[in-house]
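Sequence annotations record features per position, and here TrEMBL assigns [4Fe-4S] cluster binding site to Cys23, Cys46, Cys49, Cys55. Annotated domain '4Fe-4S Wbl-type' per TrEMBL: 22-79, in sequence order.
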Amino acid sequence: MRAGRALPGGGAEDRGWVDSALCAQTDPEGFFPERGGSTRTARRVCLACEVRVECLEYALENDERFGVWGGLGERERRRLRRASGEAGGLP
Ligand code: SF4
């Protein structure tokens, strides 16, 4: 059996979402492709993931720079962070 994606460890109450992470059951390479590689498959997995919002919040709060989190890639999260900074922060 192939190991799934490595996600933040448990322990903290706000990381309960990790137990429901769909990507933990899939090929982790799709979430961290080589430069120029496709993230299409990973994003599709995210669309079906019930903890997408929590995952994206975690990535934004912890400044995760690499990979797909909550269905968004690195550039998209950077844009979102910038936009939320201009708007006075994330809600
Ligand atoms: S939203 Fe995507 S990256 Fe986040 S836990 Fe779900 S499947 Fe994984």
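Just so it is clear, glycine is given a Cβ too, placed from its N, Cα and C backbone atoms.
Neighbouring residues of the recorded [4Fe-4S] cluster site, listed in sequence order and excluding Cys23, Cys46, Cys49, Cys55, comprise Ala21, Leu22, Val45, Val51, Arg52, Val68, Trp69, Gly70, Gly71 (Cβ within 8 Å of the Cβ centroid). There are 23 other CB atoms within 10 A of the CB of Cys23 ([4Fe-4S] cluster binding site), with all protein chains counted.
The domain '4Fe-4S Wbl-type' (22-79) scores a mean pLDDT of 94 in the predicted structure.
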